[in-house]
Amino acid sequence: MELRKGPWSKKILVPVCFLIILIWIFLIDNSLLLNNLSGNNSVKGNAGSLRKYQIFRQQGLMPSKQLPTALIIGVKKGGTRALLEFLRLHPAIRAAGSEVHFFDHHYIKGFHWYRHRMPPTLSTQITMEKTPSYFVTSEVPRRVQRMNPAMKLILVVRDPVTRAISDYTQVKSKRTNMPKFEDLAFLNGSKIVDTTWVPLKIGVYARHLERWLQYFPLSQFLFVSGERLIVDPVAEITRVQDFLGLKRVICEKHFYFNATKGFPCLLKSEERPTPHCLGKNKGRSHPYIDPVAIQRLRDFYRPFNQRFYQLTGMDFGWS
């Protein structure tokens, strides 16, 4: 008896055939993957590769993307980029390539999106990222704590007056019509500091830290001196390696001082075949600022600096 063919037969057969082809391609791709893992083209070799792959994955020997367990949270123009570049020399550290801004700009996208932005790591490696705006964004501490209450937090700080001038200089390099620093730092040409100007608000470190301490104990913070990171990078990097529970791999042999830029640079290492300095925008010359204005800013920051010293148990020596 011959089956009657109707229009419905094509509607069913076409997607069914397409599905069979997709399954066939998937099986071939996985077979090739297993062959590559084992170097054996036999069926027996494929089965062995699958077992090896499962064992490696269970033991953390296969790299996979993980959420970070350490963050460089700030501050902008404090030395965060330099610190991250130095830390990349450590084989047990893997970091996102650029500022992710998950906790301040992209939080609504979820942890899956965040994890996808991370580099693949082994179980013996630390995943980390740096976004300097985290430190000064009010919602971030709660969000970080919600994701990982054990998060290790690294804060690079710098003399707030020098930091503000550096911040201004960076913006001025992109805007030719930028007003003078003094006109932005003080209200209407007066002696009153404009505390709403963002480059000055960032430098009130104590207020920002007090917010973070509502969610994390002091023991989960490491405070890095931006000034010492320049003059003695090995000492500061050693502190970071200890804080992260890592072997002291990064040492004097990895650095040399570039007198032209006034910054330490990286010598060639196992990962870098040639010496490496930070970008041309690092070490940019600051514009002339009226010394009277600088002194007024130092007077403004002094009580906040003292409070920051009390909170951290460290004296950074800012005058």
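Including glycine, each Cβ sits where the backbone N, Cα and C put it.
Just so you know, TrEMBL annotations never went through curation; they're auto-generated.
What TrEMBL lists as domain 'Sulfotransferase' is 69-302. Here TrEMBL flags Lys77 as active site, for sulfotransferase activity. Summarising the annotation, TrEMBL assigns 3'-phosphoadenylyl sulfate binding site to Lys77, Gly78, Gly79, Thr80, Arg81, Arg158, Ser166, Lys282, Gly283, Arg284, Ser285, His286. Positions annotated as disulfide bond by TrEMBL: Cys265-Cys277.
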Within 10 Å of each Cβ, count the other Cβ atoms, then let me know which of the binding-site residues Ser166, Ser285 comes out lowest.
Ser285
With every protein chain in view, what's the tally of Cβ atoms within 10 Å of the Cβ of the residue listed as 'active site, for sulfotransferase activity', excluding that atom itself?
23
Within the domain 'Sulfotransferase' (69-302), what mean pLDDT does the predicted structure show?
93
Of Lys77, Cys265, Cys277, which recorded positions come within 10 Å of Ser166 (3'-phosphoadenylyl sulfate binding site), going by C-alpha to C-alpha distance?
Lys77
Residue from Lys77, Gly79, Arg81, Ser285 whose C-alpha is spatially nearest that of Cys277 (disulfide bond), among the recorded positions:
Arg81
Output, ordered by sequence, the same-chain residues six or more apart from Gly79 (3'-phosphoadenylyl sulfate binding site) with a CB under 8 Å from its CB, or 'none'.
Val156, Arg158, Val224, Gly226, Leu229, Ile230
Structural state of Gly79 (3'-phosphoadenylyl sulfate binding site), classified by DSSP into three states:
coil
